[in-house]
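Pulled from Swiss-Prot:
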type	residues	note
BINDING	Asp48, Ala49, Glu50, Tyr51, Asp52, Ser97, Ile98, Glu134, Arg157, Glu193, Lys320, Lys344	NAD(+) binding site
ACT_SITE	Lys136	active site, N6-AMP-lysine intermediate
BINDING	Cys438, Cys441, Cys456, Cys462	Zn(2+) binding site
DOMAIN	621-707	domain 'BRCT'
Amino acid sequence: MSTLDLFASPTPAPMPPASVIERIAALRAELDLHAHRYYVLDEPSIPDAEYDRLFKELQALEAAHPELLTPDSPTQRVGGKPLGQFASVRHRIPMLSIRTETDTEATGARNFDTRVRKELGLKESDPPVEYVAELKFDGLAMSLRYENGVLVQAATRGDGEVGEDVTQNIRTIRQIPLRLPADAPPVMEVRGEVYMRRDEFEALNERQREKIAKGAKGEKTFVNPRNAAAGGVRQLDPAFAAERRLSFFAYGVGEITPPEEGGPVFETHFELLQTLKSWCFPVAAQTRLAYGAPELIAFHEAIGRQRDQLPYDIDGVVYKVNSLALQRKMGFVSREPRWAVAHKYPAQEQLTTVLAIDIQVGRTGKLTPVAKLAPVFVGGVTVTNATLHNEDEARRKDVRVGDTVIVRRAGDVIPEVVSVLLDKRVQDAPQFSMPRQCPVCGSDAVREEGEADYRCTGGLFCAAQRKEAILHYAHKRAVEIEGLGDKLVEQLVDTGVIRTLPDLYRLGFTSLASLDRMAEKSASNLVAALEKSKQTTLPRFVFGLGIRHVGEATAKALARHFGQLDSIMDASEEQLLEVADVGPIVAKSIRTFFEQPHNREVVEQLRACGVTWEEGAPAAVAPKPLSGKTFVITGTLPGLSRDDAKDRIEAAGGKVAGSVSKKTDYVVAGLDAGSKLVKAEALGVAVIDEATLLALLDSPPDERIPA
């Protein structure tokens, strides 16, 4: 061989014959069609043996021509390698929860219809509102992302903002198409529920029992289909996920290509669902249009009668305003749509015995009576505790130790005592009464006028409140102290190592490493996490204080309005009422919290320990440099992630859109910018880089770079 031959380019592999390419495409289309008929429509059109023959033919052709293998092939539903862990996915459009109507009777539907009509400003003489009535599946919410018709990502709901990438496992669900028809939009996120059929659940548990009988280690049976489905979705090996034989129903969309970029135009939610069906997604056959409260009630009652005969678990029905224009008009409140509600059914009930009545003390000092029960299986779980809510509720039901009671899972989640069987009561059973002292710290327990609950006055001196207050402060949505979990906090408090929040920052490596079951590496990591947590934000710190009625949204509103913690601490109730989302009850709670000297002392000690955040001017006088400007980000920026850039633009008053239009002010272009950059140039939209964006963020409003 000559020297020249050594450096010659390798001969490219010949292209497969056109007949092979055409046969592979035909087999994939035919197998997809038969899978849809079998798994979605329940109308198989060929024998299983014929399906298997076609499948094996496709496998053989792909093995002979691996260059033709694609991820959307029917042969690739179970083919991924086991994962080490799941990657996080930030939802482009949050997966929000739906409000639950607590009234399980007909009045629940009437209440929702009344709220909708009031929100829309309708009179009694106006026609009924058109709704879509759907099933509320008892499964796991899922978002399926398709790009150019191919399934590219599946993500769990997570906290609504960030979920987990479970694409490999979702590919194993036969009802979910891997490729969409040609008329599907370029980008689409389909939202729905992953669930397990009851017959598959029974078969799974039977297989588990067989494994256990053969001596398999670490195997167990599952309590209910939902837990089995959730566990299947979170299997690191897709082969194990496939064994769960999960199913899927679609009920909506997230991000979707807008009409101006070639996306579909929908006027109603029902039209959207019918289109999803045409794109091969399973939609529950029970879904109906309903006009006004009477038809909502009829649907709720009809499904209630069918509930036990359905092949899968549901825990209620869902009502949605059908018109998408009216949905947009009604909007959201506290991250829940005003135009939708979940209407549940009365929970399953069982008899059991009250063994004791204990008092639990929460992080805000609330004393809650809890009935300790003889274990009973209710609604798919074993129940040993049931809340009695408060003194009035406990006395109204007259629950006593030794009573035989009816217990149910209220909303299929929180167990509660429904009633007492008085004919089975033990003679001379003493009546329950709330203690006047906190059972944890002995401080007085008081019930304020107009309140239903007793609360411990021990504040941060109460061990129960200390534990919960520290856990709340360390939560990932508050100040975030990684590694500070329940057991460690309990150990630190119970041993007297920490008594108040500032004591956390006085912990040293030596004191931590000396704790039982605390390795040196863990102690070192916690010290680093504590140091890292000192750099926080004002909203996180305010939320972390655990002020009653102050959640994340309110903490953010307070920080935006006042700009500085001292201004929040010194604000009067009247000044607090000027803040969005703050009403009289919340204002009084905030004022009461900061009127307590020990609370102010804790705040000052935390500051002295080095906890700090960036403060700004009050919203009323703080200029926002990007106010009223719309941005689109494309490509990879050199220093900022897309989420970081979006957060900074929004914090400066700007808006970040997903597509370029004539209304776009700036397109921020990074490396490998694509079609958005081309469209911006065609429309004459200003194109800037990251450096220019940073300059815009730092410039006064009147010095912005002109578009």
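Numbering starts at 1 and runs along the chain as it is shown here.
Each residue, glycine too, has its Cβ placed from N, Cα and C.
Note that the structure is predicted; figures quoted are calculated from it, not measured.
The structure, with features from Swiss-Prot marked on it.
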{"residue": "Glu50", "record": "NAD(+) binding site", "DSSP (3 states)": "helix"}
{"residue": "Ile98", "record": "NAD(+) binding site", "DSSP (3 states)": "coil"}
{"residue": "Lys136", "record": "active site, N6-AMP-lysine intermediate", "DSSP (3 states)": "strand"}
{"residue": "Arg157", "record": "NAD(+) binding site", "DSSP (3 states)": "coil"}
{"residue": "Lys320", "record": "NAD(+) binding site", "DSSP (3 states)": "strand"}
{"residue": "Cys438", "record": "Zn(2+) binding site", "DSSP (3 states)": "coil"}
{"residue": "Cys456", "record": "Zn(2+) binding site", "DSSP (3 states)": "strand"}
{"residue": "Cys462", "record": "Zn(2+) binding site", "DSSP (3 states)": "coil"}
Practice problem: Find, among the binding-site residues listed as Ile98, Cys438, Cys441, Cys462, the one whose Cβ has the highest number of other Cβ atoms within 10 Å in the structure shown. | Solution: Cys438
Practice problem: Report, in whole Å, the straight Cα-to-Cα distance of Cys441 (Zn(2+) binding site) from the residue listed as 'active site, N6-AMP-lysine intermediate'. | Solution: 44
Self-check item: Secondary structure content, the domain 'BRCT' (621-707) (per DSSP, counts of residues)
Solution: 31 helix, 17 strand, 39 coil
Practice problem: Determine, to the nearest whole angstrom, how far the Cα atom of Cys456 (Zn(2+) binding site) is from the Cα atom of Lys320 (NAD(+) binding site). | Solution: 42
Quiz prompt | Shortest C-alpha distance to Arg157 (NAD(+) binding site) - which of the binding-site residues Cys438, Cys441, Cys462 | solution = Cys462
Practice problem: Do me a favour and check the Cα-Cα span between Cys438 (Zn(2+) binding site) and Asp52 (NAD(+) binding site); whole Å is fine. | Solution: 68
Exercise. Please name which of the binding-site residues listed here, Glu50, Asp52, Ile98, Lys320, is nearest in space to Cys462 (Zn(2+) binding site), Cα against Cα.
Key: Ile98
Exercise. Pop the Cα-Cα gap between Cys441 (Zn(2+) binding site) and Ile98 (NAD(+) binding site) into the table, whole Å please.
Key: 39
Quiz item: What mean pLDDT score does the domain 'BRCT' (621-707) have in the model?
Solution: 82
Practice problem: Pop the Cα-Cα gap between Asp52 (NAD(+) binding site) and Cys441 (Zn(2+) binding site) into the table, whole Å please. | Solution: 69
Practice problem: Return the residue, from the listed recorded positions Lys136, Arg157, Lys320, with the maximum count of other C-beta atoms within 10 angstroms of its C-beta. | Solution: Lys320
Self-check item: Cβ neighbour count (within 10 Å, all chains shown) around Cys456 (Zn(2+) binding site)
Solution: 26
